[in-house]
Amino acid sequence: MSKIFISCALPYANGPCHLGHIRSTYLPADIYARYNRMIDNDVLLVCATDEHGTPIAVKADKENKKPIEIAKRYHDMIVRDVESMNISLDNFTRTTDDLHYEIAQNFFLELYNKGLIYKKDIQQLYCEKCNKFLPDRYVEGICPVCGSEARGDHCEKCGRALEPTELDEPKCLTCGSTPVIKDTYQYFFKLSEFEDDLKDYIDNNENLPANVRNYAKNWLKEGLNDWVLTRDMDWGIPLPLDEAKGKVLYVWVEAFLGYISSAAQWSRETGIKWEDYWNDTAIHFIGKDIIYHHSIFWPGLLKAYGCKLPDNIYAGEFLSLEGEKMSTSKNWVVWIADFVDKFDPDLLRYYLTINAPLNKDTDFSWDDFQRRNNDELADVIGNFLHRTFTFTHKFFDGEIPEYKNPSAEDNKFKEIIEKLPDTVGEYISDFEFRDGLLEIYRVAKIGNKYFNDQEPWKAVKEDMQKAANCLYLSNQLAKTLAYVLKPYIPNKADAIAKIINLTTPDEWKDAKVPLAEGHKINKAKPLFTKIEDDVINKQKEELQKNLKESEDENMSDLISIDDFDKVVIKIGQVKEAEKIEKSDKLLKLQVDIGDETRQIVAGLAKQYAPEELIDRKVAVVVNLQPAKLFGTLSEGMILATGESAALLSPDECEVGERIQ
């Protein structure tokens, strides 16, 4: 028997759960945990709400509430959502609990006393209007890597971890003004010292899936810089140093430790050591947007502390909605609470698993959800079960009939049934959850065909033993389905077992124990029903209605042609170009725009050497408010494409000519 530590990525306590949360993280973790419990492994499945950081502080400011009130509100919603989806957590706690504070501060001190954390003078964005330094998410701007809108700590588009000072066109989230750069200090972790260790971990850990390994390798190629561990703000875990008044631990540092504090709380309540689980097998289930943090930062911290590194990091990919990216701000999302109010949660568990491999991006479509429910659950699995149970009662008084003198077809079908638990178990063990469910569906289809071919409704009049063998084997498959479906759709699996008159199907090995001849089953009830078109149409209409209401509220984001005319774009020619000290992305340019020469700071250093830009014609926004980037005045903006940062090339235009 193995002990297995399984964690779900901590949901951030600034909103309830939607389909994407369940699909990428909590559902696969639950499937894996349930299966391993069924094969008698000792599983500890933990999670917590992540309750510090700037988004909660920002929301609290807007609502004139305390951050802890915001966190508590959404913690309660998240617990409701997770429980409604039957996620079988052993412990679910909060990063605002006293035990978490104790563990996080002790972890910091351990690394600090080892000399792996140091104080460093840095430059940081400061809002002169708000009179405060701006931690990561108090800043929004443009990602210097891919050109998308990004927060001060992370770009959702390309997955890059960022520092606020790296953003192009930074803005204070509170007041909208352009911040300045000021000198301050923070505490840094010597992540660079563990670069070789992390390369070895990524290269030689055969358990890591390809998407995690490839992401991590790409980042490691660029080399690792030391990682800032602290922020200037009130909401967070205070640094346990007298000299660090006003500093708190960066939320990403202490959020990782939520896995440990949740397990430690469980240990205090049960008297069982959580460390035994971690030191045997430790597996993280996360979303792909936080691969960088879990494959680089977290293993680096653990290595520094002296802990065993995670055995596996399973990252679920993104889920879109009706072909479009989910957006909570636009209300283009299906909330878990809304779904379970109208549908059985097992239907969602089935659909999100069978729709696509979890390491591939996929889409949730109401029409496809209806199709899979009706064609697969109702017409195949449900139909097979209902016919089996109904005919058993009709022809054999609800008792498992005698099995003898099997035909070749009987023997073949019996062999398929007996192999099913092993095949599904191997798929789940290998994190191939969809393939396991597809195999169950495939065998259920075979069961329907076998039932049709044997025609027990005719055989009872012509060859009673043929009918008996058919119903015997069909009931054996029904029993097997109760077991192999338990990790996927636990409520329905229990319902199947109840009809068969069995206890809860909790031991995987019992899937192979045949029902005894003469065993009495209960009367059948329909387990899966079809979803009508009008029900689905109502959901689609509701989704569009929510989007329209959100768009109406955000019409202020659109600009008129008159507003656009205010933007003055001219053709400029680069006369001088040089790198900005301490920045690997920024260049300082002197650009002739016809009537004057402007100094412009541009994020082009990774794409162009300074000498390549001399005499190059470029498109320049010339009426932007001047701003300082890395302490250097910028009096305009060079237009370039997003991810490649390729310059627009108006070579045939005259310097100073305005683009209309």
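Here, residue 1 is simply the first one shown, and the rest follow in order.
Positions of Cβ are set from backbone N, Cα and C atoms, glycine also.
Noted in Swiss-Prot for the protein shown:
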- 11-21: motif ''HIGH' region' (MOTIF)
- Cys143, Cys146, Cys155, Cys158: Zn(2+) binding site (BINDING)
- 325-329: motif ''KMSKS' region' (MOTIF)
- Thr328: ATP binding site (BINDING)
- 563-660: domain 'tRNA-binding' (DOMAIN)
Please name the residue among the binding-site residues Cys146, Cys155, Cys158 whose C-beta has the most neighbouring C-beta atoms within 10 angstroms. Cys155
Which of the three DSSP states, helix, strand or coil, fits Cys155 (Zn(2+) binding site)? coil
Mean pLDDT over the motif ''HIGH' region' (11-21): what is the value? 95
